[in-house]
Amino acid sequence: MSAIDSCEHTVSWKLCEQKYNEATTLLSKLKKLLGNFKENCTSVVVDGHKKPRSESRKKYDAKKQHQSSHFATPVKGVESSEPTEKKKRNKEALWLRARQKKWKEIFELCQKITSLLGGTILIDVSFSMEKDVLTYLWMRVHYQVISFFKHRIYEASTQHDPELLSSLVTMHIQYLNSTIQFYTTLIAIIGELYHLQCLSPLTSFFTSCVTPKTILESPLRKQGSHNWKTSTNSQSRLAALFSSIFEDSCLEVDSVKRLLSGSPSSSSSPLKKDSSSNSLTYEPALTDHKPQYLVLCVYRSLIYIGDVHRYLAEVRSPNVPDYQVSRRYYVMAANVAPDYGVHFHQLGLIEVADARSSSRKSSSGQSSSLKGNVNVEDKRLIQALPAISFFFLSSISPNNVAASSAKTSLFIALKRCFGKTNDGSNPCLYHKESSAISLFLRLYAIAFSNTDADYIQDSGPLFKRVRFLLSESLKSGLFSESSLLQMTYCALAARVLAPFIGFSDSGEHGESYPNLKLATQTTTMFFEVLSDSVNSQLPLQALTSGVSSKKDGNFDDLVERRQYGSLSSNAVLMPMLLPLCVLTSSCLQNGDVWLTKDIRTGLSQIFNRLSFFLENTNQTAPDDSVLVRCSSKSIGLLFFFPLVKVCGVPRDTLQWLYFSNHYPFNEEGKGPQVDDSDALITIALDSLYVLLNMRAKSTPNSTSFSSPPTPHRSPFSGQAFTGMGLSNYSLMSSSSFPSAQSSPTSPFLSGTPSIANQSSSIASLQFGRMVDSLVGPVQPIPAQTTGCSVHSLQQRTFSNESPRAVDSGFSRTSTPFSESTSSYPLVSGNLSSCETHLNGSPQNGHLQGERVLFRPLRSPALNTFSTPATEPPEHLVLSELLKKMVNISNN
């Protein structure tokens with residue numbers, strides 16, 4: 001950095017400090033105004049004295065009722081009381097005008113503070129990173145005022161004062177709309193000002209949506225400024241965007257410059273006036289700005305916009321709120337930074353609220369994920385499956401705040417899986433009519449709760465029942481694709497969280513060994529049944545019949561279409577493909593030492609059969625570009641798929657969504673609708689083959705699919721983000737999170753300290769209300785040295801040490817999780833898949849005696865088992881015989 005640049009950076013830093021200190025001073029004034037406004041809402045003036053509004057309202061209603069009940073009979077004193085009532089109404093009108101005046105002061109003060117703090121983000125990114133300005137702005141200004149109005153509206157609704165309630169709702173909606181406008185315009189300004197290539201599709205979308213309306217309503221255009229007429233389109237957009245959200249820039253273009261530069265000679269101003277052309281010219285705001293922080297600002301803004309739309313939905317329709325718009329912005333955030341995990345938690349909160357207030361959906365049968373008849377309790381658990389899966393995903397995210405908050409929400413949601421029985425009955429008991437999903441969740445609820453060890457010992461029959469129901473439901477095609485994906489997310493996340501059940505504050509493992517075994521065995525059982533069911537749908541006849549060389553012209557040109565014959569119409573196979581893709585992606589990035597022999601054998605057989613099919617039908621193998629399109633089918637796929645990311649952003653996915661005019665960028669909020677079922681299953685099969693092929697190439701033995709164990713790291717640490725340069729500020733505000741502090745009955749006894757109020761979060765989930773916790777500032781994450789890449793963020797979730805053990809220096813030489821789950825026999829009854837060596841060590845090496853089916857001829861030779869040099873390899877002989885069988889059947 002040159003001396004001039006250093007001087008300019010010092011000037012911009014001091015300017016930001018000045019604005020930050022001024023905004024901090026105004027916050028005390030805002031707090032005082034809110035207190036006065038609260039007093040105005042809760043009291044009225046009677047005879048020159050303030051009295052509680054509830055008491056005054058009761059007396060007024062009682063007198064009106066007395067007059068109406070005796071309207072035919074003259075009542076003594078009624079005529080004389082009319083002037084008094086008129087005076088009281090006049091005083092209330094004066095009080096109402098005073099309230100409106102105070103609200104105007106609050107609104108203008110909030111705009112001024114927003115203008116000061118928002119300007120620092122654009123003046124000096126380094127300063128905003130150190131102070132975490134965006135979180136500070138949301139927590140101390142926007143969320144504080146929103147929470148204030150939510151409480152006042154609730155109090156007014158209990159006081160039966162329609163006039164006060166109507167005025168408060170109007171003010172609340174006005175403030176929410178202004179907050180949405182600020183964050184939406186901030187995203188457009190960041191994209192227009194810094195030209196982030198990784199976010200160009202998203203920022204282009206916001207700029208195109210925000211700019212036309214902003215330019216038409218801009219004061220610069222209304223005043224007919226000469227600068228406006230001579231400026232370029234980009235400069236016009238910037239000027240209009242600045243003038244729409246910054247109070248100081250609503251009069252002249254020079255005020256925009258003063259807001260961002262602070263002095264006429266500063267060259268760090270993004271907007272500068274050219275004396276020759278008398279127009280605005282663009283200059284970079286900083287030479288050392290951090291793109292990672294700007295990406296995080298965009299991500300946070302999307303989360304905040306989704307939160308505000310959630311509050312709007314609650315105000316407009318308290319009984320049955322529509323969270324569709326909020327869900328749309330959370331999905332946008334997932335496409336920007338899928339590894340941050342906050343969007344999963346917010347989506348889980350929405351699913352909890354929808355499950356509470358969706359009686360009409362359950363009555364129509366649309367919320368059920370099974371095609372059979374299930375009882376009311378099963379329907380309730382099926383409705384809870386999306387929320388539990390989102391909480392599971394958020395719990396394993398590298399974001400400390402999101403993970404610790406989601407663990408509490410997850411525990412509360414799993415407790416509800418036990419039903420309404422509080423008589424101490426055995427939770428392992430079940431009804432024969434119970435569905436596979438409800439019992440599947442029941443197993444994890446038992447494992448992740450402080451259930452008596454005797455109950456866990458009795459879980460053998462329940463375990464076998466779940467295995468049987470899963471197998472029968474998969475083979476019968478009773479599961480939908482979304483249900484299987486959600487169950488897959490639960491299974492993978494539960495395996496990650498299982499080693500952390502029962503850790504004490506000292507880092508020592510408590511009596512949770514049975515819980516650990518039950519959680520891990522449930523996960524392995526699920527994937528064993530899943531892989532076996534997929535193999536049963538891939539027989540030789542299905543892989544060789546019905547293949548046509550005709551190419552469908554209606555198929556998307558972005559992905560080359562392959563012909564899969566009769567598999568394209570297999571409705572039973574289709575829902576099981578994406579869950580296997582998720583499993584393969586997880587093992588590809590984080591290791592697969594936990595896989596049992598049956599899972600490894602099943603995956604190798606699926607890969608061999610698909611390879612044989614493509615080889616013998618003379619079709620080109622798909623490439624990894626198909627993963628971009630496949631990842632748009634579920635936001636959980638973005639979290640697991642090995643997509644190319646720039647600053648944590650899957651840019652290819654954003655580009656495909658933007659240029660394809662698909663969700664979440666369209667206003668209707670509808671996903672990419674593909675009516676052709678052949679196209680859907682083709683994408684899924686291509687993605688599965690690509691992932692299995694990548695996994696085979698990344699391991700020395702393509703059949704065993706073994707990989708070295710995952711490094712010992714804490715899943716809830718911030719190490720993944722220090723590699724991005726994001727260690728000096730908090731990753732995300734927890735304004736809308738339930739408490740991060742584990743409850744006394746929670747199985748997670750350690751973790752990140754809580755900064756939220758626990759009681760309100762529990763009430764939020766128990767009573768179905770979206771009550772956000774009032775929290776303080778987020779503690780920054782200490783910087784740690786790491787060499788990880790952005791692409792391996794999820795790897796932090798696979799760990800053998802507790803968070804408390806990492807912080808205190810305590811390390812365990814060996815843990816149950818460090819070994820394969822196949823080394824543990826079932827608690828009650830052994831499974832054939834749980835095989836071990838005589839010495840108890842797991843079989844993570846070559847699979848002895850495994851038969852490789854449908855191996856393509858030109859594939860590399862396998863080293864699974866040794867053969868004499870004089871004999872040809874067995875898989876070549878088998879492939880030749882299979883090919884002759886195919887030729888005979890065709891002739």
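Just so you know, glycine gets a Cβ as well, placed from its N, Cα and C.
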From Ser261, Ser536, Ser566, name the one Swiss-Prot lists as phosphoserine. Ser261
Looking at phosphoserine as annotated by Swiss-Prot, pick the matching residue from Ser265, Ser359, Ser702, Ser799. Ser265
Among the residues Ser268, Ser549, Ser704, which does Swiss-Prot list with the feature phosphoserine? Ser268
According to Swiss-Prot, of the residues Ser218, Ser263, Ser802, the one annotated as phosphoserine is Ser263
